[in-house]
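K.L.:
So TrEMBL lists the following for this protein:
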TRANSMEM  6-23  transmembrane segment
TRANSMEM  90-110  transmembrane segment
TRANSMEM  176-197  transmembrane segment
TRANSMEM  209-233  transmembrane segment
TRANSMEM  266-286  transmembrane segment
Amino acid sequence: MERTLTHSLIAVVISSFVAIRSYRRKSLDLSGALAGFLVMTIHFVAGYRFGAMLLVFFFTSSMLTKVGEDKKRRVDADFKEGGQRNWIQVLYNSGIAAVLSVLIGNLTGWEDKCLDSNDSVLITSLIGGIIGHYSCCNGDTWSSEIGVLSDDQPRLITTFKSVRRGTNGGVTKTGFLAALAAGSVIGLTFVLVGFLTTRCSNEMAMKQLLVIPLSAVAGLLGSIIDSLLGATLQFSGFCSVRNKVVGKPGPTVKRISGLNFLDNNAVNLVSILLTTLLTSFACVYIF
């Protein structure tokens with residue numbers, strides 16, 4: 001009981017500090033900061049590894065969003081100074097993982113557990129889901145934020161034809177490499193924090209290292225799924241007035257690709273959900 005209270009207090013302190021800091025630095029608006037505090041607290045109470053993965057995703061994506069802002073401002077029709085996020089974006093990017101964290105906490109008695117299907121297939125699958133979730137989020141963000149700054153010519157993932165920068169579904173080699181690196185960082189975070197907070201047998205502790213290449217693949221897979229959805233179910237067109245690629249049809253907009261069926265948040269949610277499920281199955285098979 002005392003351990004749980006201490007753990008919860010630490011979670012609240014960390015989450016409060018990060019939410020206030022992010023609001024002051026305009027990484028989050030007020031609604032985003034409040035939502036961020038809630039989901040971050042849930043993650044840290046359920047397990048330090050989950051909170052750490054969320055923080056690594058948030059901090060690295062926030063930093064990369066602010067890199068090359070002048071170039072991104074010229075390309076992105078929905079550019080926001082500092083990449084400020086609201087509560088909707090926070091929940092789209094962490095809501096599924098928050099639900100999984102609550103389920104894991106209830107199953108484990110709010111203690112960190114190893115990935116070990118011999119101990120529990122369900123817990124292993126749920127933990128794997130969170131790993132896949134943040135590998136996808138980080139992979140997609142790094143791929144987009146770094147890819148748009150590269151000198152590579154973007155190509156539509158479905159046809160490989162050259163497209164304008166900012167086109168949904170446009171991919172680059174640099175972007176794919178960034179997605180691999182982003183997933184690896186999530187896996188490395190899980191492993192390093194797990195060594196400090198989780199009790200495993202020596203054999204299972206070493207086997208946790210497989211999370212790093214698995215998360216790298218999940219990061220790339222999430223980016224590919226996101227790009228496929230963006231190229232097919234998300235509208236992209238060139239506005240002759242704004243001289244930018246936009247995400248909605250209009251009288252001055254010439255279509256480039258995609259149906260006007262999903263917006264960016266919906267594309268992110270579907271790609272996260274699919275990557276979460278696939279990584280969950282992979283963890284049960286591997287561990």
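All positions are counted from 1 along the displayed chain.
Just so you know, glycine gets a Cβ as well, placed from its N, Cα and C.
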K.L.:
Sort out for me which stretch, of 6-23, 176-197, 209-233, 266-286, has the most Cβ pairs below 8 angstroms to the transmembrane segment (90-110).
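P.N.:
Answer is 266-286, with the largest number of Cβ pairs below 8 Å.
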K.L.:
In terms of Cβ proximity under 8 Å, which residues at least six beyond the ends of the transmembrane segment (176-197) contact it?
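P.N.:
For the transmembrane segment (176-197), the list is 47-49, 52-53, 56-57, 60, 112, 114, 131, 134-136, 138-143, 145-147, 205, 208-209, 211-220, 222-224.
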